[in-house]
Amino acid sequence: MMGLGNGRRSMKSPPLILAALVACVIVLGFNYWIASSRSVELQTRIVELEGRVRRAAAERGAVELKKNEFQGELQKQREQLDRIQSSHSFQLENVNKLHQDEKAVLVNNITTGEKLIRDLQDQLKALQRSYSSLQQDIFQFQKNQTSLEKKFSYDLNQCISQMTEVKEQCDERIEEVIRKRNEAPGSRDLAETNNQHQQALKPQPKLQEEVPSEEQMPQEKGDVPRNKSQIPAPNSESLGLKPQVQNEETNEIQAVGEEHQQASIQGQAVADGTRVGAEKLDQHTQLPAGLLARPEEDSQYPEREQLVIRDRQEQQRASEEGGGQKNPGDEYDMDENEAESEREKQAALAGNDRNINVLNADAQKRGIINVPVGSERQSHILNQVGIHIPQQA
């Protein structure tokens, strides 16, 4: 019941509920108005924010494009930088390698140069030592040369004096032989001319057979002794001469003595016979090569050449003196004189042939040169050696 009583009480207060409800509606409307105004503001703000977001997105897209462009350029620059770095590193390696090679070459050159300098210094020292030894040798050689020159001059003076003595002895022997031959009777001269005529008619043997050897000459001609024993042997070291030179000199002296003997035998020949002999001498004369081809060798022995020339001049004078004597056959009649003149011509021809053979024997020792007959050179050389050739008519 009580409950029913409370219900009745609530039914009795509706204006309060309505007022409360109106107040709630007013409050809710105000709240709605406020919320709607706020929502409108929020919507405007959302629209603004959306616009901002769209602008930001557009700006972001542009920024991203620029970023992409910048990234592409950056990538290109990085690639270019990498290429530059790689080329730089390659060039740097090449330059370093080249520098290393040059350094090695320079070091090698320096080592070889130092070695060469050391070798040259050693060679310089060796050359200095050899130079000092050569100076000592030169000094010793000069001393030896002065002593040898003194010795040579002394030996040369001795040799010259000995040669003059030998020449005087030879001249005395030759004069003795000529005097003996001139004092011989005319019959002996006539017999000798006949023997020479018979020898001239025989065929002429070889040159080596006509020239007597050194052993046969003193035996056949006893008036001219061997001069080899009279010549003392000079010092071969100081003069620098071989023993063959002494043998040649003795052979020449012996040949000159034999020529003087033959000249004394042929001294009584007529002038016609001498002309015939001169003609044959012009045809067959051969001169020694020492007079033409070897003047230097002859200039080393001037005393020997002068001795031979003087002996030949004396032979020429002796032959002229012998030719000036009268022939005992001139006292005969004309027929006998003609026969004797023929014999004397042949004898003179044989004597001239022997003289030519003697000259050829002398020429064989030095070498023979054929000179044209009648040339000026032939006459000049024959005059030097003391041979007088009369001119033909």
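Count begins at 1; order follows the chain as displayed.
Cβ coordinates are placed from backbone N, Cα and C, and glycine is handled just like the others.
Per Swiss-Prot, these features apply:
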COILED    40-183  coiled coil
COMPBIAS  192-201  compositional bias 'Polar residues'
COMPBIAS  227-247  compositional bias 'Polar residues'
COMPBIAS  294-320  compositional bias 'Basic and acidic residues'
COMPBIAS  330-339  compositional bias 'Acidic residues'
CARBOHYD  Asn109  N-linked glycosylation site
CARBOHYD  Asn144  N-linked glycosylation site
CARBOHYD  Asn227  N-linked glycosylation site
MOD_RES   Met1  N-acetylmethionine
REGION    180-247  region 'Disordered'
REGION    284-352  region 'Disordered'
TOPO_DOM  36-393  topological domain 'Lumenal'
Students should find that the Cα atoms of Asn144 (N-linked glycosylation site) and Asn109 (N-linked glycosylation site) sit apart, in Å rounded to an integer, by 50
Neighbouring CB atoms within 10 angstroms of the CB of Asn144 (N-linked glycosylation site), all protein chains considered, total 10
Using a 10 Å radius on the Cβ of Asn109 (N-linked glycosylation site), the other Cβ atoms enclosed count 10
The mean pLDDT across the topological domain 'Lumenal' (36-393) is 67
